[in-house]
Amino acid sequence: MPHDDPDHPHALLPPEPALRVKALETILVEKGLIDPAALEEIIETYQNRIGPQNGARVVARAWSDPEFKAALLADADPVLADLGYYGRQGEHMVVVENTPAQHNMVVCTLCSCYPWPLLGIPPGWYKSDAYRARAVREPRKVLADFGVTLPEGTAVRVWDSTAEVRYLVLPVRPEGSAGLSEDDLAALVTRDSMIGTGLAKVPEGAPS
Amino acid sequence: MTRVHDMGGRFGDGPVVPEAADAPVFAEDWHARALAVTLACGALGQWNIDTSRHARERLSPQDYSRFSYYEKWIAALADLLVEKDVLTREDLQGKGAAGLHALAERALTAKNAAAALAKGGPADRQGGPKPRFNPGQAVRARLPADNALVDGGHTRLPQYAAGARGYILRMHGTHVFPDSSAHGLGEAPEPLYAVRFPARVLWAHAEHPGDEVVLDLWQSYLEPL
């Protein structure tokens with residue numbers, strides 16, 4: 001492995017990434033600057049407690065309840081705070097609705113901004129150079145990488161998260177989902193459909 | 001300033017490779033550790049989110065390009081800890097002084113970790129300059145896309161939008177200004193707008209005449225038309 005830029009302090013740590021993290025963690029724990037139990041709590045939060053299931057519940061409710069949807073689209077923060085979906089990287093939420101005329105898609109070209117309280121930690125592809133570089137210039141080709149083709153009449157609006165505002169896409173409610181419970185609707189909502197690189201799943205047995 | 005991290009619109013990247021919906025949140029155990037150590041160090045209160053973004057962007061271009069995602073986080077964290085005098089270079093080499101650190105009393109505990117994450121850190125502020133633009137108004141994003149306060153400093157105006165004509169779509173209120181905040185110059189809050197740019201304005205070969213890109217831009221990034 002080539003050496004790190006030697007002017008930077010990080011080059012003083014071991015080159016292998018897992019050992020590098022371990023070394024830094026050990027130093028910080030010895031000095032009392034971090035508590036290993038707090039690290040476990042943070043990991044537990046994002047590994048198991050917070051994830052796209054939160055966003056899916058919000059979408060299912062918006063599909064079922066017109067008043068909730070109207071309030072969510074008008075000013076998402078108080079609505080989401082009421083549901084307990086607030087916190088780091090989700091302090092300023094805007095929900096944008098997909099329609100037959102407009103498909104929304106979210107990216108952060110500068111880093112990896114993402115609505116953590118609703119979707120959890122972003123997947124690897126969202127943080128990849130290819131997605132960050134291409135999503136704004138050729139969103140339809142990027143959608144094709146996900147197997148999604150939009151009708152010619154649908155315009156694409158790409159939201160580049162350049163500030164602390166975080167965006168959640170409200171996908172189009174799929175055909176054949178009439179009469180389903182909120183729980184069943186939530187099962188149709190994929191993480192990618194809330195980023196805009198996917199569509200909601202069509203219920204089994206429904207004509208597609 | 002164009003830097004390696006400002007990659008919107010860049011040519012030459014391959015396909016986006018989606019992973020399975022049920023892929024683990026952290027592909028490797030050390031990814032989870034890197035995230036947790038970074039968040040726990042942030043709780044020491046020696047820097048803000050803009051400072052930490054800037055620290056990642058200031059990795060040398062070869063390090064930024066070569067490191068995987070969480071390697072960037074850890075490298076920037078180590079750099080920041082030394083830069084902010086929390087650790088010394090000797091500490092990083094395992095040759096530093098032993099004993100508890102003066103900041104140890106600020107360490108995040110297991111008991112308050114979840115509450116700290118749930119509390120968040122809102123960026124909206126009262127005061128600051130009055131909004132200069134209204135929804136629907138045409139504006140031009142400043143050219144060049146550089147920090148007007150600090151030579152070579154942090155900015156959140158991507159290169160690809162600099163100089164382009166767009167339209168105010170919505171107002172987000174008044175938010176901390178990263179170009180100032182990242183450099184210890186204060187929060188200097190400014191009105192923040194979502195600005196829509198027709199794809200045909202941004203790109204020589206837009207994919208579709210109706211497509212748009214929306215960016216969140218601070219008032220001082222924008223000029224009236």
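Glycine residues also receive a Cβ, built from the backbone N, Cα and C atoms like all the rest.
TrEMBL lists A:17-197 with the feature domain 'Nitrile hydratase alpha/Thiocyanate hydrolase gamma'.
DSSP assigns A:Cys108 (Fe(3+) binding site) to coil in the three-state reduction, placing it in neither a helix nor a strand. The Fe(3+) binding site feature in TrEMBL is assigned to A:Cys108, A:Cys111, A:Ser112, A:Cys113.
With a threshold of 8 Å between Cβ atoms, the binding-site residues A:Cys108, A:Cys111, A:Cys113 that neighbour chain B are A:Cys111. A coil conformation is recorded for A:Cys113 (Fe(3+) binding site) in the three-state DSSP classification, outside any helix or strand.
Sequence-distant contacts of A:Cys113 (Fe(3+) binding site), defined by Cβ-Cβ distance under 8 angstroms and a gap of at least six in the same chain, are A:Gln89, A:Ser161, A:Thr162, A:Glu164, A:Arg166.
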